[in-house]
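One structure is given below, encoded as structure tokens.
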């Protein structure tokens with residue numbers, strides 16, 4: 001889920017995907033933050049998790065004090081949405097997919113709940129260099145020059161860490177927010193993979209949980225994403241793969257082949273090495289911050305949550321002017337994709353006009369966007385007026401969560417979408433100013449965390465919006481569709497059977513008796529479809545075992561959650 005490419009279907013497991021949670025209680029209030037290794041949190045997923053928590057814990061964990069955030073890996077499962085736009089390329093609503101994700105998130109909260117004990121929280125922050133690259137530099141330059149001069153780079157290199165210890169100083173975990181897209185694994189990848197942020201978690205937890213397999217051990221290290229909407233890990237930048245010349249600066253396209261030929265590359269020789277390099281860079285900085293953290297967080301907890309109908313919000317621009325939001329729509333640039341994954345058709349980023357050919361097809365099949373939406377969305381040329389499309393189900397959420405939790409002087413702003421570099425900086429400044437205006441908060445550290453609670457797409461500044469790239473009190477409650485109202489285009493899993501005279505488990509291609517260091521060991525055997533395996537969340541499809549000669553026993557050293565498998 002993430003590339004919106006129907007050809008990117010899973011073909012195996014490289015690493016497992018985990019959910020990690022921390023719970024803080026000040027004696028009267030409690031907050032929960034979850035970082036799940038999925039593309040994003042959908043509205044349906046959040047509602048299902050809250051239902052499951054209510055069954056277990058009553059009113060202890062609620063929509064106002066639970067934040068669900070996705071790391072935004074693009075190599076995770078899909079099928080957990082209830083809006084048509086996000087269901088099309090992922091073959092609809094896939095119940096086993098959402099059930100597994102809900103169970104994993106709830107389990108992480110259960111584990112945090114059971115392991116609660118008196119402790120301390122420390123804040124530290126620094127910069128991670130050479131690990132993100134602005135994939136929409138032309139749009140970034142549309143921001144005011146005076147504002148841009150305040151920052152050294154066109155990406156946010158800041159990493160903010162919260163260190164958790166018990167009263168004896170023993171480490172319990174670390175949550176570190178950093179702005180980078182987990183797309184080191186590109187759209188040709190077919191293996192389930194937690195990508196660069198997941199690899200950072202893997203390294204930190206393997207170091208702290210010595211002797212434990214991945215996903216086991218008491219220490220938890222999470223790396224939620226921040227304002228990463230335009231932050232790519234492909235630091236070598238975009239090139240035309242058919243000519244190896246630089247892509248067009250404004251449109252990210254190539255003279256021959258268009259946007260599909262424009263691809264950005266990471267620092268490694270392939271996507272696996274690039275994932276390791278970026279993930280290790282983030283991990284090393286977080287480890288440094290963990291070791292030097294001294295600023296302890298004191299104070300009480302606060303939570304705020306609101307449902308907002310984003311189609312009907314009046315925004316005060318200044319003392320004399322205001323504006324009003326409208327129904328959502330996707331522009332032609334959306335179909336062009338990004339340098340991390342271009343579209344298949346002849347759309348380009350930065351398009352300032354619609355294409356008569358595609359507009360004509362849209363009008364004939366879906367209908368023409370209303371004048372009200374066209375005027376409101378101007379200057380964006382509309383490809384899909386998703387807010388006006390309701391068959392077979394609504395295409396886009398209109399009612400979304402906005403949420404914030406504060407832990408002492410730390411404010412975590414949960415944003416329902418992908419926040420660009422500059423829009424994230426503005427949100428931090430605005431929230432800090434608002435919190436400190438009456439001196440209720442001082443020296444506030446505002447953390448922007450994206451992909452939370454419901455997915456709405458990109459959140460850009462007004463000035464960036466003119467560039468039109470791909471990044472771009474209790475209120476009404478969102479709809480909850482019954483399972484019978486949702487659709488699935490995924491074929492049923494066939495019944496497992498073997499070829500004639502072959503049995504399950506039979507080895508067809510045996511491993512070599514001896515391997516050199518660095519060689520890949522492989523074996524081929526007869527097996528059933530993994531989707532027929534039942535609940536495999538706490539199990540593994542494969543183990544790598546080492547013979548202990550002293551005891552003549554086999555010790556498991558790797559599972560299917562290990563990077564090495």
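Heads up, the Cβ atoms here are built off N, Cα and C, so glycines get one too.
Taken from TrEMBL, the feature active site, nucleophile covers 232. Annotation comment: TrEMBL describes 72, 181, 418, 458 as Zn(2+) binding site. Annotation source TrEMBL lists domain 'Neutral/alkaline non-lysosomal ceramidase N-terminal' at 1-466. Residues or ranges marked as domain 'Neutral/alkaline non-lysosomal ceramidase C-terminal' in TrEMBL: 468-565.
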Conformational class of residue 232 (active site, nucleophile) under the three-state DSSP mapping: strand
For residue 72 (Zn(2+) binding site): DSSP state (helix, strand, coil): coil
DSSP three-state assignment (helix, strand or coil) for residue 181 (Zn(2+) binding site): coil
Cβ neighbour count within 10 Å of residue 181 (Zn(2+) binding site): 27
Distance from the residue listed as 'active site, nucleophile' back to residue 72 (Zn(2+) binding site), taken between C-alpha atoms, in Å: 12
Spatial separation of residue 232 (active site, nucleophile) from residue 458 (Zn(2+) binding site) - C-alpha basis, Å: 14
CB contacts for residue 458 (Zn(2+) binding site) [other CB atoms within 10 A, all chains]: 20
